[in-house]
């Protein structure tokens, strides 16, 4: 089998490093390029271990090596992808900047493995337009969307996305508001980055995933359900018209959906999972415990509101992790920011989306400043 070429965007992050783990175990893909933001030490280690000859640096750090092609600056990812035109691009860049990375990956790759949420949440219309133009393969990497991708059929009654409920799922509602960062970062199932772990506790992460599912699978909002599933074994399910339910069950290991996206339609051997005596539970999310998640109905049909929602969450989570606001303040920042964007016209271009994002960042920062100066 001919070796395919791969670029990993965000190679030093959680999904990036787990993608590298897969490459160590399974042959058939050659890593030809990476991007990273600021983890210089790990980037050098990856370059040396995988003999990478192309690097895009998006942060303000100096990467110097005369034997390597290095691109720097805000357009470094686009420039590297245009030069390399890889068979596969793993988009593991986190945050809003992932939207440009995804669009460029779709332009210059044959397959895009998507592990960035914001690109579909904020710019789903742009991603789908580019997909139609280029006919690139888009394979989801999120465990929930990977599961649905594997079992979806032309006609479904419901699609079910599972959620852990986050680190505070068993806390009394009266105490959640004052949870500390160290409490929130103790995720019961997954080992992830800080922002996504906080987003799991607020279930903002699951709100993003509902919006992603709407875009990826062309589903109406009403056909998507979210259930809290404590065991972390069922990643997604589809309810079929004849009463059958198809679900994907596997250990909570991101290397499984990563390998599926990289090697699809071939399944590669990782560690086998054998069924044992297990209990599976499914619960509805509590609106009092997860108020930010239930803003979904308000934002689902507006890319402007979706973009503002994401930007406000980004600001609020950072403020919480730095101790500037309480955990309960995250929802307040999002809600107050969204009020400023009610009736905002739908974006039509990437520039429109970026303008809304930066406007929302500024508004969310003002709300955060106000909250941090009060005892609310």
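Placement of Cβ uses the backbone N, Cα and C atoms for every residue, glycine included.
Taken from Swiss-Prot, the feature NADPH binding site applies to 12, 13, 14, 15, 39, 116, 118, 193. Feature annotation from Swiss-Prot assigns 1-deoxy-D-xylulose 5-phosphate binding site to 117, 143, 144, 164, 187, 200, 205, 206, 209. Annotation comment: Swiss-Prot describes 142, 144, 209 as Mn(2+) binding site, evidence class sequence analysis.
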Candidate binding-site residues 12, 39, 116, 118, 187, pick with smallest Cα gap to residue 142 (Mn(2+) binding site): 116
Closest of 144, 205, 209 to residue 13 (NADPH binding site), Cα positions, binding-site residues only: 205
Residue 205 (1-deoxy-D-xylulose 5-phosphate binding site): secondary structure state under DSSP, collapsed to three categories: helix
Separation of alpha carbons, residue 193 (NADPH binding site) and residue 187 (1-deoxy-D-xylulose 5-phosphate binding site) (Å): 10
Rounded Cα-Cα span from residue 144 (1-deoxy-D-xylulose 5-phosphate binding site) to residue 14 (NADPH binding site), Å: 17
Candidate binding-site residues 117, 144, 209, pick with smallest Cα gap to residue 12 (NADPH binding site): 117
Candidate with sparsest Cβ neighbourhood (10 Å radius) among 12, 14, the listed binding-site residues: 14
Local Cβ density at residue 39 (NADPH binding site) - other Cβ atoms counted within 10 Å: 17
Longest CA-CA distance among 12, 13, 14, 15, 39, 116, 118, 193, per record bound to NADPH, angstrom: 22
